[in-house]
Structure formats: structure tokens, C-alpha cells
């Protein structure tokens, strides 16, 4: 088995409060244990009172949510966000633990706070997603409350959230229609694949509504958004699950395998492309700084003196002669400070002359 095959898949489980996200985690954990493939679990919800599963790493072990609220004079949502921010400052230590455990597990499960916007739209949430995705195949499981999604407006709101998560994280996403033992999710699958079916459902909801003109406006808005997102639905995988009976867990794991392949074929090349762009940008900045330093010290790259005519040095605005280096914004003291900074950065002692330093910088530019 190769190192590539040994890499576990990180599954970030997100969902609205009451969607059954934590119960889904419990059932998925039990299902994997029954297959003798126990996952490694992280709990990132500092406000949860009781977990129905045993977390290997629990934010509550290091962050006291109520104490954070009291100390920083925050409300519930502010307390959760601040707790998550504090935890992320030590996430490099979490990553080291995961790297040690990674060869022994197939799945890393991450349970997130029920306030979905706190995780998805915060800096700490982005850091966690990016850090995990840079180390292992990573996907997002978006848990939807199926019984509540029978309303077309509620369902459309859930799809907009899914769209925003896909846009923000740029990670493979699976929509999990939970509680299928209470409400069959077949209607939602039809709405995602058949626009006319969804239009009929919107019309039906309007007929049952007593809001009159407002209902007509909302129906038109929902229809327009559905038409716009039709292409978006084609790039989503969706499964039906029951966190109580365990139905659909095998389907979910199959969807995860497909998302791992998508991660390797689409996310990894894009990540490498962005790294290369950053590297090239840093190189250009470095060259620009070196060129600026040599210009400030009146030394060109090839150490050639170039003469200036009167017309070259003549200011085009008022016809007066100007020094080419006059408006560079740097004083002699500034140049001295810049040289000192380069000496420190390159580890060059003060014994080496400025001329020798410039020769070394020039050689680096040519490399």
C-alpha cells in the first residue's frame, strides 16, 4: 500500500442548529466502528453540553466557553467564535497529533458548531479548512433537516447556504438529507434535477399561503434563484440518511470516496497553481526590492554609467532640471537603514563593505 493510499479523508460536518448534525456524527461513528474502521474525531463545538460519542480531541478540554463569555463580556455567538479563534491559535499542535494518527485511520471526522455562519464565515473556520485540505483529502458534509426543507423557501435557503460554502471553502461538498426515516427526501432530489417539478411545488406553496401579494413576490424570487442555481446542482452529490436507523450510511461513504477523487483531480492542481503564483509573486517582489536598493545606491545591475542629456533630466511639467534620484522618497538615513536590513536578512557581517554587499546582491539577482 502506497503513502497516497494511506492518507485518511477529513470530513468536516456542518449544518444548521437542529438539523441532526451531532446525531449524524454519532451514527457515522458507530457505523465505521461496526466495519472495524474507527475514525479519529475532533469536536469543535465549545458550547455543546453532552456528546453522544467519544471525541479524540475536544475543544472543551482546552477552552471554557462560559469563562470566555464572562471574561470578554460576550453573548453566546460571540463566545463560540472567540473560543474557536483561541483554539485555532494552537491548531498546529492539533495537526501534529493528527499526522501521528493518520496512518492508522481511514477517516477524520470534524464536528462543528451548530451556528453554521460562525464556522463557515470566520477566519478560524477558513484556517481549519485550509490547513486540513493542505494535508489530506478533505470534503464538507452539509447536513440538511429534511422535514423542514419540505417548504420551498426553506429548501432554497439551504441550497444558497450550500452554494456559499462551496464558493468560500472551494472544497468538495456532499449534501446529506437527514431524518429520512421521518420524511422521504425524494422530493428534494426531484427539485434539484427537475426545474418544472420545483415550479409546481412553489405554485402549490403559494396556493396554501395566506400572505397574498408577498407570497407571489417570494414565489417569483425563489423561482428565479432556482433557475440560476440549476447548473450549480449538477456539481453536488446528495444522499439520504437517517441518524436514528443508520439508513444511507453506506451511500454516504461511497459519496465520500467520489469526493476524494474529486479532491485529487481538481482541488490539488488548483492548490499547486496558487502556490506557484505566490512563489512567483514573492520572487518578483524580491527582485524589485534588490533593484530599488541598487538604484538608491546609484549602482546599476551591470555597474555601467549611463549619461543623461538635458532633455532627459528636464522636468516635463515646469521645464526645470531635476535629479533622477531626487524624488525617490529616500534620504541617506533611509538608505543606511535599508542596507542594515539586507545585512541582517542575508546574515552578512559589518566587516564586508557596501560595495561587496552590492556585488553579492547582484549575483543573487542573476541566479
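One-based numbering along the chain as shown.
Backbone N, Cα and C atoms are what each Cβ position is placed from, and that goes for glycine too.
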Range among 306-332, 333-359 that Swiss-Prot annotates as region 'Disordered':
306-332
Residue 77 (site 'Stabilizes the phosphate intermediate'): which of the binding-site residues 15, 21, 23, 181 is the nearest Cα neighbour?
15
Let me know the model's mean pLDDT on the coiled coil (247-290).
87
Pick from 21, 179: which of these binding-site residues has the biggest number of other Cβ atoms within 10 Å of its Cβ?
21
